């Protein structure tokens, strides 16, 4: 028998063990996701024996992550969460015009892949998050009256390196739980080929973002050691297969590093990488990202004029490209800046 791993599976098992009718589980999930009740004792629609059993199993709160520090800017909120074993992770909430809210969540405590420009990698890898720890980050925001309009796995860690990623996505897309559309979820990867292939088969409508950062194999291997294990040419073939199978656009992230990957030669090589791939090549979209400075690395911010020139070269060649609007860099909540601290 398959072991019940997630809290929602355990909740269903508790209802069954108490020989309660199935509708009690439905009442429980509605209390969480419709009424936004975080405390089991406050779910008065449930019988006392069930509430007591839930508290004994999970503690008094539905969400297991504890916020220990919050930092806000005009459009971003960065939260430092403490987990039950004392490890810490960060998540970011972003507010856009017309009330749209997007959340960037972590999949690992730290990261072991050592991308040279990323602050998270400097912390090293501690452990994978459980599916509950991943989704509990969102529960915290939800219980605090936020709207979960879109979710991105762009926080700490490489999502495809966590075996519980797809359990988390299953929870997020379960219509009796979070009920998110697959198209409201984006998973970012540095190029873990087996993970991309699994996403293609299991959740074909989930958005996929690939971190490129250099079109040259040797330089990419220097910036991102994962390229030695999964070379760029092989990753691109896997992305082609993903597009052919799903018919969905793939977003390619390209962080602009001054004097490193911002030359005209780089722009032309990106064009060469994406052109003449096949009838699906129009479904590749480049997101140019201004580098966000951090005290963990020595790379420098690129000027807006240089980024515009790079973008212009791509567009003139027929490549779909935009310069990403950045939120949260002033509170170290933007791309590549997440790095938990024991004391903030």
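Even glycines carry a Cβ here, placed using N, Cα and C.
The S-adenosyl-L-methionine site recorded in Swiss-Prot comprises 157, 158, 211, 212, 213, 292 together with one of 181, 188, 198, 312, namely 188. For residue 111 ([4Fe-4S] cluster binding site) paired with residue 157 (S-adenosyl-L-methionine binding site), the C-alpha to C-alpha distance reads 5 Å. Along the domain 'Radical SAM core' (97-330), the predicted structure has mean pLDDT 94. The distance from the Cα of residue 115 ([4Fe-4S] cluster binding site) to the Cα of residue 213 (S-adenosyl-L-methionine binding site) comes to 10 Å. Residue 104 (disulfide bond): 27 other CB atoms within 10 A of its CB, across all protein chains. Of all the Cβ atoms in the protein chains shown, 25 others lie within 10 Å of the Cβ of residue 213 (S-adenosyl-L-methionine binding site).
Sequence-distant neighbours of residue 211 (S-adenosyl-L-methionine binding site) (same chain, six or more apart, CB under 8 Å from its CB) are 115, 188, 189, 190, 191, 224, 253, 255, listed in sequence order. DSSP assigns residue 211 (S-adenosyl-L-methionine binding site) to a strand segment in the three-state reduction.
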